[in-house]
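*Asks:* Dumping the structure here so I can ask a few things about it.
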Amino acid sequence: MAFKYWFVFAAVLYARQWLSTKCEVPQMTSSSAPDLEEEDDYTAYAPLTCYFTNSTLGLLAPPNCSVLCNSTTTWFNETSPNNASCLLTVDFLTQDAILQENQPYNCSVGHCDNGTCAGPPRHAQCW
């Protein structure tokens, strides 16, 4: 009878050892652990602001057809495509109005052609 208990005891120990090797969770080492300190780079999705002149004909690019833009991390110039509307000239009689925010002034509108604002001019109100 003692032999039966010894046999059952040995079988239980063997089963326990077998289960502990098959079911153990592998421990992470420093080389296999994910780097929780690293942050994702979301700058590509950051809000982008570009600065145009507003007019009765729509938004106008600057005379050099290179629009100043910025995101939360960087400033850059974005070249306007050919035939985009651009600010050709400003009426010098209303130049003082430009210094006052949201005051309309007379301006001439052209179109971008290889990085420069070209005519024929169209007249508009700008602000």
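Every residue gets a Cβ built from N, Cα and C, even glycine.
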*Asks:* Taking Swiss-Prot as the reference, C112 is linked by a disulphide to which residue in C65, C69, C126?
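*Replies:* Disulfide pairing in Swiss-Prot: C112 with C65.
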*Asks:* Which of these links to C107 by a disulfide bond in Swiss-Prot: C86, C126?
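*Replies:* Checking Swiss-Prot, the candidate bonded to C107 through a disulfide is C126.
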*Asks:* Near the Cβ of N64 (N-linked glycosylation site), how many other Cβ atoms are there if near means within 10 Å?
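*Replies:* The answer is 15.
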*Asks:* On a C-alpha basis, identify the one among N54, C107, N114 that is nearest to N64 (N-linked glycosylation site); the candidates are the recorded positions.
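*Replies:* Checking each of N54, C107, N114 against N64 (N-linked glycosylation site), the shortest Cα distance is to N114.
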*Asks:* Can you check which residues sit near C65 (disulfide bond), meaning Cβ under 8 Å from its Cβ, same chain, 6 or more apart in sequence, and list them in order?
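*Replies:* In sequence order, T79, S80, A84, C86, C112, G115, T116, C117 meet the Cβ cut-off.
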*Asks:* Compared by Cα position, which of the recorded positions N54, N83, C107, C126 is the closest one to C69 (disulfide bond)?
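*Replies:* Closest recorded candidate to C69 (disulfide bond) by Cα: N54.
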*Asks:* So among N83, N106, C107, C126, all listed as recorded positions, which is physically nearest to N54 (N-linked glycosylation site)? Use the C-alpha atoms.
*Replies:* C126
